[in-house]
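Asks: One structure, as structure tokens, below. Some questions next.
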Amino acid sequence: MRVPYSWLCEVVTVGAPDWDVSASDLKQTLVRIGHEIEEMITVGPVDGPLTVGRVTDIEELTGFKKPIRACVVDVGDGQQHEIICGATNFVVGDLVVVAFPGTTLPDGFAIAACETYGRHSAGMICSAAELRLSTDHSGILVLPPGTALPGADGADVLGLDDVVFRLAITPDRGYCMSVRGLAREIACAYDLAFVDPASDQAVPPLPVGGQAWPVTVQPETGVRRCALRPVTGIDFAAVSPWWLQRRLLLSGIRAISPAVDVTNYVMLELGHPLHAHDRNRITGGFTVRFARPGETIVTIDGIERQLDPVDVLIVDNVTTAAIGGVMGAASTEVRSDSTDVLLEAAVWDPARVSHTQRRLHLPSEAARRYERAVDPAISVAALDRCAMLLADIAGGTVSETLTDWRGSPPRADWSLPPIRIAVDLPDRIAGVVYNQGATTKRLTQIGAVVVDTVSSEGHTLTVTPPSWRPDLLQPSDLVEEVLRLEGLEVIRSVRPLAPAGRGLTAVQKRYRAIGKVLAQSGYVEILPTPFLPADVFDLWGLPADDPRRTTTRVLNPLESNRPQLATTLLPALLEALVSNVSRGIIDVALFAIAQVVEPTEWTGGIGSIPVDRRLTDAEIALLDASLPRQPQHVAAVLAGLREPRGPWGPGRLAEASDAFEAVRIIARVSGVDVFFRAVQYLPWHPGRCAEVFVGETPIGHAGQLHPAVIERAGLPKGICAIELDLAAMPIVEGLPAPQVSPFPAVLQDVSLVVSTQVPAQEVQDAIRDGAGELLEDIQLFDVFTGSQIGEDCKSLTFALRFRAPDRTLTEDDASAARDAAVRHAAERVGATLRT
């Protein structure tokens, strides 16, 4: 938002005539009370002669690629000065501003007489942008008739001794998007009396005699107030005076016509947007309603726009007059032949205005104010101020009729709910002892009504926020206002004492250990996005009842196509994999450790959460019940070569066994034993996927991904992945050091023939269970299929290591344990000993 320093000073000094502060000091004060000033722009200065002139003749020069005009300008010295100019937005008789040779413009450009386009040019006709009055480069600056006489000092006429502040107004401080709001802030900061420019003192109420225009409002539209007043008999050919045009230019708005200019001016002054309709183009009364499916509107920029049923419209009996709070329609736009206007001041729903203007890509100064909330108490004052300005500038008569729709039933006042606050709460929160009465003083300054109460419960204040401060909802908001206006610099910076170190928790230790061991195994960690692409589960082909489809939707997502919080880490890992592969990095191993969000069945509502006291146990339990479950997962993906090619061989592609090994190293560092069971679970390959168990508790899945899923993702074949729920894995603290037997081991091999449908893991588990405690380790080292084995069969060869903790094993001891393992495998999985 841009606002001139001179305009702020004018409004502030109404209540404090002796107040005088420089622009730089005012900037520091605004920053001190919490406003972000992005830039302080100096208007001008111009060094050298800058003169008002009147154009007396224009000759169009031909033979050039762009319009060139030889202009004769009278500057009151009795001479005719020829100046070459490329702008075409002025005519003979217009007042312009001329810079003569020897003048240096604000950007450092020096004016000199020169020969150009075959003619002599004795200076330059200036644009508003060249004088830093605005950023509009579309043409030269044309002054309204009667602004000054030719020969007048241009710097004095234009007011080139001003400063413009460019502020970034936060969403909760919509009241500051006006001179009214900022002037009040300045008065608070300097402890000045303040006269509200929207008060009856500043805007005397106009007479009211009857309804101006019938209006019907659908209650669901969220409109809080709608005021209408006609102004008849205006002269559309009139031009807004320079003082008004100047303030619009400095605020970043181009002057268009009196009807449009005064609505923009009052919006900047009071913060309440208005709209001017051509009354003679309105048929019947106004209705405020939602758009109908398929409905369109041609807005004042001449573009036909497709509406949505959530858009709010103003319509008459025939056509649409405006998109509420966003833009007017061409059908009721004021034009060059308009004589009667109907001024409208409405208070639209902030959320609906924000949604509509973003969807239609129609950002506007009005919409920026509506989406931050507009003061409904000043709608009629803004309307009357606008009507009187329009009548003064363009003639005409302000009608005594007024429509003021205030809701159904009509609302008598616009006060906000009162807030109770302990008088010393700001002191306790800031750790500062403020002067007695500081809290009451500061809250009164911002416009609140404060009632002081002393009772058995203590000294409290009942604070009713003003109608323009809907952001004040709870005691902490009031505390912020007191601290802000008293000065944050008085709050001491005290370094908090760190508690004695207690070390990492068991969960944190496991987190670090897993990350470390995966990194040592060649995996690279990424930070996964917490949001899911909307169509990812459809691409995976998950059934409709899959739990992973039950997601938590974010109301205001960072990206519209990612509205859901992730229930799995795999989509983010696969996206990272795609990004790497698309850049030619095809041998990749990635992992992530992060939380996923699993919604609960909670359907209750949560009210406002107090921040000025400790929550009760019941409130904490309610919050806990409403929160979705957020377990920590670890996931990894592998693509390309797991073992690189080189002089030693061609390398080895990643396969399902690498995924299983990743699970084992995670289990090993976590101090748990895992086993695998074959399962069908998308997005994994149905024949190359295993469910991972700790005891009888499933903790995740591992294996090779489904070829169709890989193809849809644009990845090469053979991608492997794991995902484990660490919250389901028991925490093992203080892992004991493994006992090392001093006795030698006995090594034996065993080959078993089983059906090809039997997973090797089940055979291995059967051998381990059957061999007993003497079996120290088992490794599968060979898989063989062929006619010698039999159809639909495979041979699995395991290396067995036997060792006793208290004696030296004999070959007979080891053979007996091996035979027991073979018998157990035969009973459990139908294995036979290969001979």
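Using the three backbone atoms N, Cα and C, a Cβ is placed for every residue, glycine included.
These came from Swiss-Prot, pasted as-is:
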DOMAIN    44-158  domain 'tRNA-binding'
DOMAIN    414-493  domain 'B5'
BINDING   D471, D477, E480, E481  Mg(2+) binding site
DOMAIN    741-834  domain 'FDX-ACB'
Asks: Other residues with Cβ within 8 Å of the Cβ centroid of D471, D477, E480, E481 at the Mg(2+) site?
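Replies: Counting only non-site residues, the set is D172, R469, L472, S476, L478, V479, R484.
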Asks: With DSSP helix as H/G/I and strand as E/B, how many residues of the domain 'tRNA-binding' (44-158) fall in helix, strand and coil?
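Replies: Counting residues per DSSP class in the domain 'tRNA-binding' (44-158), I get 8 helix, 46 strand, 61 coil.
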Asks: Taking the Cβ of D471 (Mg(2+) binding site) as the reference point, list residues of the same chain whose Cβ is under 8 angstroms away and which are at least six residues distant in sequence.
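Replies: Long-range Cβ contacts: D172, R173, A373, D477.
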Asks: Among D477, E480, E481, all listed as binding-site residues, which has the most CB atoms within 10 Å of its CB?
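Replies: The residue with the most neighbouring Cβ atoms within 10 Å is E481.
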Asks: For the domain 'FDX-ACB' (741-834), DSSP counts of helix, strand and coil?
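Replies: Helix (H, G, I), strand (E, B), coil: 34 helix, 32 strand, 28 coil.
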Asks: So, in DSSP terms, is D471 (Mg(2+) binding site) helix, strand, or coil?
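Replies: Note: D471 (Mg(2+) binding site) is coil by DSSP, not helix or strand.
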